[in-house]
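Worksheet for the structure shown next.
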Amino acid sequence: MALSTRLISSLRPALAALRWAAPGQRRGLSTPQGSEPSLNLGGIFPPLTTPFSPTQEVDYAQLEENLRRYASVPFRGLVALGSNGEYPYLTSQERVEVVSCVRRALPRDRLLLAGSGCESREATVELTVSMAEAGADVALVVTPCYYRGAMTTAALVHHYTEVGDASPIPVVLYSVPANTGLDLPIEAVVTLAQHPNIIGIKDSGGDITRMGLMVHKTRQEDFQVLAGSASFLLASYAVGASGGVCALANVLGDPLCQLDHLCRKGQWQEARDLQHRLIEPNTAVTRRFGIPGLKKAMEWFGYYGGPCRAPLAPLSPAQVEELRSTFSANGWL
């Protein structure tokens, strides 16, 4: 491993000193009554797309322009290098540079979560330390999955415990079975929630019963559950989730923040009406058309989408029309 345990330990106090306390007035919905989380994740986080030029280079100028526009949306923070950021297609240097770019543009009162999960413990720890040095407040660590048959509860608990021990910043678990073919077992989540440096989970599976059980089983811990999709955001809040990391927020950030606000105020009828209008567009930019669809939709709302990095292919003209019709039918275009 490139970074020794001694170096990681020496970095931890300095990096921890840079962390700021989250506002106390916004209790996470999955926080135990009467307590405040050490770092409040309550609210909406867009998992940023990575802009590319026509020659497939990361376009940092367009990234900065998107960030400038997102500054006017009341997000809790941003996620860099999530699944929608084409994280597997970036070099290690590009990953660090993207996070540095986002941190420079992001106001200090907003959180920056950065993806740092790799297949091995060593690589994950090394990248997590790099993300912290680049300015990330929280590491988002996806489940290792290449040898998914060997990823038992015990193996995953051991992996995340070691990452949590070594990380100079708090860790959020990331379960995205659509991409990894692996659900982080509830038993592992409950065990890991007791770790002082593991503060939450982003769950993208869409099983509301599972999410509610995670909230229930971790209610005595400093641990928050984040919905990984706009399609089930309201349902997640109803069972106690704190916030959402939603691809659709790259396109419809204000409506998703409004849905978050309505749920916190208990205005469930208005929240339900808004949630209904978000389901089909969200499905279109995730499961149906994926990142090419998300980037195309961003262009209709004034953001830079641009091409994906190969081998992801652009949408066909017929797919573009279908995508546009989905947004139009729900009153967004």
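Cβ coordinates come from backbone N, Cα and C, glycine included.
Here's what TrEMBL has on this protein:
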- Tyr174: active site, proton donor/acceptor (ACT_SITE)
- Lys202: active site, schiff-base intermediate with substrate (ACT_SITE)
- Val245: pyruvate binding site (BINDING)
### Message
Give me the CA-CA distance between Val245 (pyruvate binding site) and Lys202 (active site, schiff-base intermediate with substrate), in Å, as a whole number.
### Response
7
### Query
the residue listed as 'active site, schiff-base intermediate with substrate' has how many other Cβ neighbours within 10 Å of its own Cβ?
27
